[in-house]
Amino acid sequence: MPNASSWSASSPLLLLWEDSSGTRIFLSLLYAVLAISGTLSNVMVIYLVFSFKKLQTTSNAFIVNGCAADLSVCALWMPQEAVLGLLPPNSSSLRSAEYRLLRGGLLGLGLTVSLASHLLVAFNRYVLITKLPSVYQALYQRRHTGCMIGLSWALALLPVPLLPGLWTLGSAQSDGSSRYTALLLALAVLGQTALLLHCYLGIVRRVRGSAKRVSVLNFHLLHQLPFPAAPPPPRRAQRRLSSVSVLLLCCVFLLGTQPLVWVSLLGFFLRPAPPALQAASWLLLCSLSALNPLLYTWRSEEFRRAARSVLPRGEGSAAGPRPSAAAGPA
């Protein structure tokens with residue numbers, strides 16, 4: 001049986017070295033399901049946005065950026081974890097430092113850009129709903145939007161060399177650098193979460209206080225700027241449903257990110273958490289990469305209509321993608 005340090009140094013998710021082979025097989029199957037579902041959903045969202053003119057909005061540009069980052073996790077990293085979970089713990093593939101560095105880079109790059117995209121989407125919607133249309137148009141010009149997306153990838157490349165330290169997060173022999181890497185990860189996610197909650201709770205307060213713009217929370221209307229004449233005040237149930245949708249998105253995000261934050265803080269200030277708890281916290285964080293496309297599109301009628309038009313037994317060619325030659329500037 002391998003010792004704790006050797007197995008935890010192999011993967012941050014497959015930390016259950018004392019469990020049976022059946023447990024490791026179950027984890028591998030779980031990663032395989034997440035990889036397949038996450039890859040299909042992320043590719044579908046990217047395809048729909050690039051194919052349909054009505055979906056080519058600033059907010060959806062940030063969503064596509066997050067989907068591209070999530071593919072790094074779902075299509076490139078998770079399949080490797082699924083395969084490695086079936087290998088014996090003393091496999092040479094698991095001990096290769098270069099291979100662990102590659103896997104760590106894919107995981108770190110994908111998760112960092114994905115979390116940054118969450119924040120960009122939240123801030124975009126916050127400005128759209130709480131500020132004047134002129135402010136939104138000035139801030140989210142095409143050039144500025146491209147710079148924001150490029151900056152998210154540039155910043156994600158900076159901490160990639162620190163990722164190998166996370167492989168030893170659960171090891172009793174982990175050095176101080178890995179502990180500080182875990183602390184840096186926890187503080188970064190906490191800061192990002194605080195900003196995201198500030199944006200979405202600000203949206204909820206705005207919606208509750210102003211029925212005039214509540215329909216914007218359908219999110220597929222984001223391209224309609226400047227705002228048309230104010231729609232009739234929505235019913236109270238509609239305002240409640242819009243607020244619940246935002247709060248549900250926040251709850252799912254918190255459920256996916258906060259366990260790892262507090263496990264990392266616990267390991268830094270007190271003692272390392274049990275390996276099973278570390279594995280579960282990493283799994284929840286990585287599962288967001290498969291859930292993100294659904295979080296941002298399930299309430300959008302435009303996305304549903306576009307999806308029905310490309311899936312079998314769709315609505316027909318009338319709702320299909322517009323020819324690229326007829327596409328004007330977004």
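Positions of Cβ are set from backbone N, Cα and C atoms, glycine also.
No curator has checked TrEMBL annotations; they are predicted automatically.
Annotated features, as they stand in TrEMBL:
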- 41-296: domain 'G-protein coupled receptors family 1 profile' (DOMAIN)
- 25-50: transmembrane segment (TRANSMEM)
- 62-80: transmembrane segment (TRANSMEM)
- 100-123: transmembrane segment (TRANSMEM)
- 144-162: transmembrane segment (TRANSMEM)
- 182-203: transmembrane segment (TRANSMEM)
- 244-270: transmembrane segment (TRANSMEM)
- 276-298: transmembrane segment (TRANSMEM)
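Recorded stretches compared: 25-50, 62-80, 100-123, 182-203; the one with the most Cβ pairs under 8 Å to the transmembrane segment (276-298) is 25-50.
Restricting the average to the domain 'G-protein coupled receptors family 1 profile' (41-296) gives a pLDDT of 77.
A Cβ distance under 8 Å defines the sequence-distant neighbours of the transmembrane segment (62-80), meaning residues of its chain 6+ beyond its ends; these are 31-32, 34-35, 38-39, 42-43, 45-46, 49-50, 103, 106-107, 109-114, 117-118, 120-121, 124, 145, 148-149, 152, 156, 286, 288-290, 292-293, 296-297.
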